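Listed features, source TrEMBL:
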- 84-107: transmembrane segment (TRANSMEM)
- 127-148: transmembrane segment (TRANSMEM)
- 185-212: transmembrane segment (TRANSMEM)
- 232-256: transmembrane segment (TRANSMEM)
- 276-293: transmembrane segment (TRANSMEM)
- 313-332: transmembrane segment (TRANSMEM)
- 478-502: transmembrane segment (TRANSMEM)
- 514-533: transmembrane segment (TRANSMEM)
Amino acid sequence: MRVSHLQALFAYSCWCVAKVDGFSATPVYHHKISSLPIRSSSQQQQCPFVNLKQDSPETKHVSSTAVSASHDGINEVREDESRILPASIVVGTLTAAMGFLYGQVLSRTVHTVWKTVPATLAKRGTVLNPVYFITGTCTLGGLIMGILSAKLKANFTVADFVSAFSSVPAEAGKLPQSRSTLMPLLLLSLVTSTFGFSVGPEAPMVVAGALVGSSLSRKWFGMGETKKAENLAYAGAAGALTAFMGIPIAGSIFALELTRSSAGLSTGAKEALSPAVAASVAALVLIRAILIPNATVGGHFAYGTVGSITGRTMMMVAVGSSVIGAALGTVFHKAVALLKGICWPTSSSNEKGNNAWRRQVVVKTLIGLAVGLLSSAYPQTLFWGEGSLQCVVDGQKTAFAATKHGLPTLLTTAARVNPSLPFESSKAALQVGVAKLVAIALACAGKFPGGIIFPLFFAAAPFAHACSPLVAPSVLPLLVLCTMAATQASVTRTPLATALILSLSASASTELSVMLPACLVASYFGVYISQLLSRNSYFKYS
C-alpha cells in the first residue's frame with residue numbers, strides 16, 4: 001500500500017471516530033468529503049480516500065483537516081477529564097466525610113435508645129416488659145417521623161433519583177439544591193434507623209451524595225452542564241456509600257446499576273464510571289488512612305466452611321437459589337405496592353393543609369405500632385440488618401445479643417424464636433424470614449426513608465436455612481450466600497454490586513474462590529427470573 005493510501009485510511013478513521021464521538025469539527029470534513037468527485041459504484045463502496053493519488057491536493061487537505069479535528073476532539077475529551085476527575089475526588093472526599101459523620105452519629109443514637117436507656121431503667125429497679133418497651137419505642141419513632149415528615153417536606157427520595165437518572169439522557173437537573181434537601185433527608189433517615197425500622201442508611205447515602213455532587217457541579221461548571229452534573233452526582237453517591245459501608249468500588253457500581261431496569265450499568269456509565277471510581281477511591285483513602293487508620297481491614301461475615309463441590313453442584317445451588325431469591329423479591333415488591341395503595345390512596349395526594357399533615361402522622365404512627373408488635377415477637381428483625389447479619393448468616397449460632405445491634409437479653413424474653421439459640425427447625429427459620437420481609441415492607445410502604453440492601457440480605461438468609469434439610473451441610477453456606485445475593489439483586493437490579501458487597505464484606509476465612517462464581521450466577525439469574533415473574537419492579541424507571 002502506498003503512503004497516500006495510508007494517509008487516506010488514517011484520515012477516514014479519524015473521520016469515523018470524530019463522527020461517533022460527536023466532535024464539533026465533524027461538519028468541516030463532512031463538507032470536504034461531499035465535495036469530492038463522484039466515482040463508479042465499485043469505487044464508492046470503498047473508503048472515499050483510498051483511490052486518491054499521492055499528490056492529490058484533496059488528499060492532503062482532507063487528511064490534515066481530519067487529523068486536526070481529531071486532535072481537537074481528543075484534546076477536548078482530555079480537558080474534560082482533567083477537570084471532572086479532580087472534581088470527582090473532591091466530591092468523593094466531601095461525601096465520604098459526610099457519610100462517616102452520619103455513621104458515627106447513628107451508632108451513638110442506636111446505642112443510646114436500645115442499650116443505654118434499658119440499662120439505666122434496669123439499674124433504677126424498673127421492671128421492663130419487652131413487649132411494651134419495643135412496641136412503645138417503635139411507635140414513638142413512627143410518631144416522630146410523621147411530625148418531621150409533615151414539617152420538613154423532604155420529598156426527594158431514592159425512587160426519585162432512580163427515575164431521574166434512568167431516563168435517556170439523565171435528568172440531572174431534577175435534583176434539588178442540597179442546601180434545602182440534604183439536612184431533612186439525613187435527619188429523617190437518622191430517626192428511621194435509630195428507632196429500629198427495617199430500612200437502612202444505604203439509599204439515603206446514595207441520594208445525599210448525589211445531591212452534594214450535583215449542587216457542586218452547578219457551582220463549579222454552571223447550570224447548563226448537565227452531563228457534568230450527572231457525573232458528579234454519581235461520584236457523590238459512590239463516595240458517600242463507600243464511606244458508610246467501608247467497601248471500595250462496590251458503591252460506584254451500585255449507583256450505576258441502580259438506575260437501570262435490567263442487569264447492567266446505566267447508559268451514563270460510559271462517562272460516569274471513571275468519576276465514580278475516583279470518588280470511591282478518594283473516600284476509601286480518607287476513611288482508612290486518615291479517619292480510622294488503626295481499624296482492622298477486611299470483612300467480618302463468616303459463612304462457614306464449604307466442602308469440595310463439583311461444578312454441577314455449584315450450578316444447581318446457584319440456579320436454585322436464584323429462583324428462591326427472585327420469588328422472594330417479587331413477593332416483596334408486590335407487597336410494598338399493595339400496602340402503599342392502602343396507606344396512601346391516590347385521593348390522598350390531593351389533600352392539603354391539616355388533612356395531609358394528619359395522614360402523615362397517623363400512617364407513620366400506625367406503621368411504628370405494627371413494626372413494634374412484630375419486633376417484640378421477633379426482636380432479631382429490628383434495624384436494617386448490617387450490624388446483626390452474622391446472626392442469620394450462620395443460623396443464629398451467633399447469638400443476636402452478641403452482635404453490634406443485638407438487644408440485651410431482658411428485651412428478648414417475649415421472642416417466639418429465641419434469638420440466642422440456633423434455629424431449631426425449618427419452621428423457626430421461616431418465621432424469622434417472613435417477619436423480616438413484613439417489617440421491611442411496612443417501612444417501605446410507610447415511606448420511611450431507607451435502603452434495602454442489608455435488610456433483604458437479612459431476610460433471605462433464614463429462607464436458605466429453612467432449606468437446610470434438602471442440601472448437604474457443606475453446601476449450606478453457599479446456598480445462604482447465593483440466596484441473599486439473588487433476593488437483593490432481583491429487587492434493586494444491581495447484580496454485580498451485590499456480589500461485590502457480599503464478597504468484600506466476607507471474612508478472611510470465607511472461601512471466595514469457591515463461592516463467588518456461584519454468587520455472581522445467582523445474582524444475575526435472580527434479576528432475569530424476576531423479570532420473567534413480573535413486569536413490574538420495586539422502582540419506577542423512566
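The backbone N, Cα and C atoms fix where each Cβ goes, and this holds for glycine too.
TrEMBL labels come from automatic prediction, so no person has curated them.
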In contact by Cβ distance (the transmembrane segment (185-212), the transmembrane segment (127-148); 3 or more pairs under 8 Å): yes
The transmembrane segment (478-502) and the transmembrane segment (232-256) contact flag, 3+ Cβ pairs under 8 angstroms: yes
Leading contact stretch, 185-212, 276-293, 313-332 vs the transmembrane segment (232-256) - CB distance under 8 Å: 276-293
Leading contact stretch, 84-107, 185-212, 313-332 vs the transmembrane segment (276-293) - CB distance under 8 Å: 84-107
Positions whose Cβ lies under 8 angstroms from the transmembrane segment (313-332), at least six residues beyond its ends: 437, 440-441, 456, 459-460, 463-464, 467, 471, 475, 478-479, 482-491, 514, 517-519, 521-523, 525-527, 529-530, 533-534, 538
